[in-house]
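S.K.: Shown below is the structure under consideration.
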Amino acid sequence: MYPLVKHKHKILNTSLAYCCRLIDQCFSLKSSKNVTVLHALLVKVGFNRYTFLGNRCLDLYCRSGSSAVDVLKVFDDIALRNVVSWNICLKGLLNFGHMEMACSLFDEMPERDVVSWNSMIVGNASCGHVDRALERFRRMQISGVQPSEYTYSILMSVVFATLGGRELHGSLIRRGFSTSNVVLGNSLIDMYGKLGLLDYSVGVFLGMKDKDIISWNSLIICFCKCGHGELALHWFWLMRSLGHSVDAFTFSAIINCCSDLRKLNKGEQSLALCMKLGFLCNSLVSSASIDLFSKCNRFGDSVKLFQELEHWDSAACNSMISCYAQHHFAEAALLLFVLTLREDIRPTEYTFSSLLSVIHSFPVEQGTQIHCLVIRLGFDSDAIVASSLVDMYSKFGFVNCAVEIFSRMTAKDLTCWNTLILGLTHNNMVYEALDTFKELLQSGPPPDRITFCAVLLACTYGGFVDVGLTLFSSMIDDYGIPPSNEHFVCLVNLLFKAGRFDEAVELIKEIPYEPDCLVWESLLDACAIGDLNLIEGMVERLMEVMPEPSMAYQLLTRIYEMQGKWESLVRLKNTMRNLVKPVVGFSWIGMKNQIYVFDAKQLEQPGGKDVYCTMRLLTWEMEDEAVTSRSTMIDSI
């Protein structure tokens, strides 16, 4: 007989089946208050000690957002705990972010199954501790627990080293799992795509007997991320030709691919197909379309598309904030961010990243306010946001704040390292930048082309010729990174500053492709006092590779001034008036939440009379002090 509890004038049925139905109802309502009431009922009738109901109540507390203390109380009340009880409690502690408590509970478990090990692997991976996750996987195999498909899917989503990825693939095959399995196959395609091993991704895809839409999407996204947009478009055409269905993720990937390729025509064709199939109203597609128009210099179409959206969401607002940031509309980006907060749209890490990229246009107080909001919303531990904060404080010149944020990061990806090295370099802290690079080689991920560009720039600023040449050779020989124009520009500048002009010219001749304008500009700066005919020939080459010839004319103007060729200078300036659109310089300063912009051609600024009067008063005071100090000195003599 199950007990009947009298409650005022009603008799409450407290049978086991009735309590199970109540728990099911609480799962659907997701209310912490209802969970507390139900728990009180279970305690009152003594069902909280039953293993089955205790486990369900424990799971309810874990999903309702209650505290870890409540979860542990429910766990302790269960008289006979089975492995399910331990697993639910372990998962709850990990979801609440109590990693140390979860590790202690895991060590106390009398029995561990594959779910227990998977939970710990997920917990370590979500905290950025990839090495610990892999170590748990090794200990799991040593203990005799067979990994599941989910285990391999978790590890393949976080591995970032080529060797580790291949080891996982080999272990999967040795354990008898077939790579033709859809879930494992999709995970392998995604993993090899992140590692840049496209041949392996295609091989896994072709070896799969059954392919779903996720398989096709994963392969197309891999091509996009690895910079092979044309192949992504080809596989999309093949996917459509074979009669496979497409979804919003497919179109989002294809439109992003067109954005990266700056192929507006292809992107508009994809948009037309989206409208035909009814995907344009999807948030992923609309946000990708805004980004497409933004990157293809169709800013007005981005704004128009955003204004035509029926409702705002996080993805669309992020794309529009990023669009404003890319086109240097910092005030509009900040205003839209404020409006999203008023609409109760929670910002994401990408929101803060886009906003922080332009916040240096405002007074530093605005940046610190955004930083406070980042901390309050719990994004300070995110690698993307932390990198943006490091970049922001570096641009403001507060390098110590940037270094402190970097040192507090638990999981540091390569973007974080690159951002700090560039920040230190631009603030002329070249020794610290090189030390950070050495630390990266010892304890961080492998460097990429951006890393070497940053350290070569630091060598240029510091005049470390031998170090720069060594790093340039190491980049090619040890890391297999082909040098780009940015690397050649840094090395050419480094050789010029060291007076090794002939070596720099030989290096330019050895560039395997047509040097861009930055290389020629560096060469012009270095040979400004050389042969004028040679310089004019290089300016002609520079004008051929530059989309706008104004920079070439300005360089030649500066050279004519340095060499005293005044007649040539007059003729050149007359030519510039007819061919070159004048570039007006601007500067700005932020005071008391207001930005004052100054035009180089503006003779008198707003409030200029007051400024000049104040300057005169300050000049008179300085002159009076100088006269007074001079008189005092004479009297003392």
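Any Cβ shown, glycine's included, is placed from N, Cα and C.
All annotation found in TrEMBL is predicted automatically rather than curated by experts.
What TrEMBL records for 82-112, 113-147, 212-246, 313-347, 413-447 is repeat 'PPR'.
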S.K.: Given a Cβ distance threshold of under 8 angstroms, which distant residues of the chain, six or more beyond its ends, lie next to the repeat 'PPR' (212-246)?
M.R.: 182, 185-186, 189-190, 192-194, 196, 198, 201-202, 205, 253-254, 256-258, 260-261, 263, 266, 277
S.K.: Restricting to the same chain and to residues at least six past its boundaries, which positions have a Cβ under 8 Å from a Cβ of the repeat 'PPR' (313-347)?
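M.R.: Distant contacts of the repeat 'PPR' (313-347): 283-284, 286-288, 290-291, 293-295, 299, 302-303, 306, 354-355, 357-359, 361-362, 366, 377, 379, 595.
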S.K.: Which numbers of helix, strand and coil residues does DSSP report for the repeat 'PPR' (413-447)?
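M.R.: Breakdown, helix to coil: 27 helix, 0 strand, 8 coil.
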